Amino acid sequence: MSDAFETAAPPHATYDTVLVLDMGSQTSHLILRRLRSLGVYSEMLPCTQKIKDLGWKPVGVILSGGPSSVYADDAPGVDPLVFELGVPVLGVCYGNQLIAWRANPKSVAPGVNREYGETQMAIHKIGTHGDRLFEGLGDSLNVVMSHFDKVVQLPDGFQTIATTKNSEFAGIAHETQPIFGIQFHPEISHTEKGTDIIANFATKICGARPDWKMDDFSAREIKRIRELVGDKAQVIGAVSGGVDSTVAAKLMKEAIGDRFHAILVDQGLMRLNECEQVKETLDKHLGINLTVVDGSELFLGRLAGVTEPEAKRKIIGGTFIDLFEIEALRIEKEAENTDRAGKVEWFLQGTLYADIVESLSFKGAASSTIKSHHNAGGLPARMQNGEAQLKLLEPLRELFKDEVRAFGRQLGIHEELIGRHPFPGPGLGIRIIGEVTPERVEIVRKADHIFISMIREAGIYDEVTQAYAALDSSRAVGVQGDARVYGYICILRAVTSLDMMSAEPYEFTWSLMKAISRRIVNEVDGIARVVYDTTSKPPGTIELE
């Protein structure tokens, strides 16, 4: 690894940073979103993180909620050094119970009544530093609870700062140390003044300066990229036409000019006319070095007979890197004896924070990982371990989707690219359940084209964050032209989301949904039935595989 990497300061070296330790909650990421909306930089790591390996000191720590019981044998915990850092600690839900349980294992037990949803919470003013968490927020709040276990006995050294009907210790604070616990979820939007509570903790108790803003990101990241890459090395990067890779490519162009080479790989899994449209759009709006590589035969050949989703992602990720390493050698050779001469050392990806979080296991075990993301866990081991010919460069990995869109606008990227629906690197390969074959790719490609076209025609494309058609591995009986058919089931999915960490199904009008279904069944040979996926994220993910 280049020495420049050591001198390029990461954000936590520049900004006061609140560390969020994830205990497994489905809403842990919302804590980060609330902090960043306040201008406080934050990072989330699994609760298994060892403090001695952290390499930096946060100004405060938040322990998230989680689905476990603190008294269970396999309950997740945190490094005891968290409480020896000398910084404020806030426990949320499970994190609150963990703080109490560490002080007294008898203090946490199952409650008599489960407490889910909104409830009224009374704030207790006790005349000590414990009042600072709810300072300026009145005498009561409507808060969101989601728990069965609770603190049933106040641990020694703690005081009660809030109660509800079913939780006598809905808020606790240590008498002398800046350690707080709350049983409710301030990160959920339905909690009254939840963001204010997080602000009190981060800015008043931790003393974090609210100076994280996207305006600073471009200059800082360009400086970091230049230090990291140096004066001679060249960078190649995958582009798909999606907002993530487009913004990353534009940033690299700004940082190192013509030493950045964008590569659009046609892996045989693109949408209808995707390659031509993406090339035309990127050429028109970005002015970058762009090469189109046809890898369709290679990808489809390697995927033949493979049905397991993780295996497909790994194959696709590995094949991408194989092709990029070949392209790197070609670029180096063409640049010989020119002012662009230099080794291709870096591979650019538009990885976002959501990609990293989705690939994380909060317990540190592979079994807890949601799935390998194509921009994270889908890369071959040699790439992740730095053993490949190319080293990984991910300048957007600290940002959420909405932050990337805002950053793209700051860079002057055309709205046509900023507002484009996401399309995954593995393409239609993860929208075909089971084996990927040329026949099945063509079927889902046609269905997807009809779906997206009708969304555009209805004038709702910009209301939908992401939409696509997928193909199930099972088949269903149908009747077409008085004849029995036995065809595939097409799954339609459309969601709305701010940051891609959570999502809700889009509510189509019934007439439009029926019209879409009718066209797909009538116009796409091989499809006998159409269904609409109404699963939220969580518990589902946006992509099916």
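Cβ atoms are placed via backbone N, Cα and C, with glycine included.
Long-range Cβ contacts of CYS93 (active site, nucleophile) within its own chain (separation 6+, distance under 8 Å): SER25, SER64, GLY65, GLY66, SER146, HIS147, ILE182, GLN183, PHE184, HIS185. Look at Swiss-Prot and you will find CYS93 tagged as active site, nucleophile.
As annotated by Swiss-Prot, active site applies to HIS185 (among others). DSSP assigns HIS185 (active site) to coil, not to a helix or a strand.
Positions annotated as active site by Swiss-Prot: GLU187 (among others). Long-range Cβ proximity for GLU187 (active site), meaning a same-chain Cβ under 8 A and a gap of 6 or more residues, is found for THR27, LEU30, ILE31, ARG33, ARG34, VAL92, GLY194, ILE198.
Secondary structure from DSSP puts VAL243 (ATP binding site) in a helix. The ATP binding site annotation in Swiss-Prot covers SER240, GLY241, GLY242, VAL243, ASP244, SER245, THR246.
The XMP binding site annotation in Swiss-Prot covers ARG313, ASP482, LYS537, GLU543. There are 23 other Cβ atoms within 10 Å of the Cβ belonging to ARG313 (XMP binding site). DSSP gives ARG313 (XMP binding site) a helix state.
The average pLDDT for the domain 'Glutamine amidotransferase type-1' (17-211) in the predicted structure is 93. Annotation comment: Swiss-Prot describes 17-211 as domain 'Glutamine amidotransferase type-1', evidence class sequence analysis.
Annotated domain 'GMPS ATP-PPase' per Swiss-Prot: 212-420, in sequence order, evidence recorded as sequence analysis.
Cα distances from ASP244 (ATP binding site) to the binding-site residues ARG313, LYS537, GLU543 are smallest for GLU543. In this structure, CYS93 (active site, nucleophile) belongs to neither helix nor strand by DSSP; it is coil. For the binding-site residues ASP244, GLU543, the ranking by surrounding Cβ atoms (within 10 Å, all protein chains) places ASP244 first. The two recorded residues GLU543 (XMP binding site) and SER245 (ATP binding site) have their Cα atoms spaced 18 Å from each other. The Cβ of SER245 (ATP binding site) has GLY237, ALA238, VAL239, GLN349, GLY350 as same-chain neighbours under 8 Å, each 6 or more residues away in sequence. Note on the binding-site residues SER240, THR246: the fewest other CB atoms within 10 A surround the CB of SER240.
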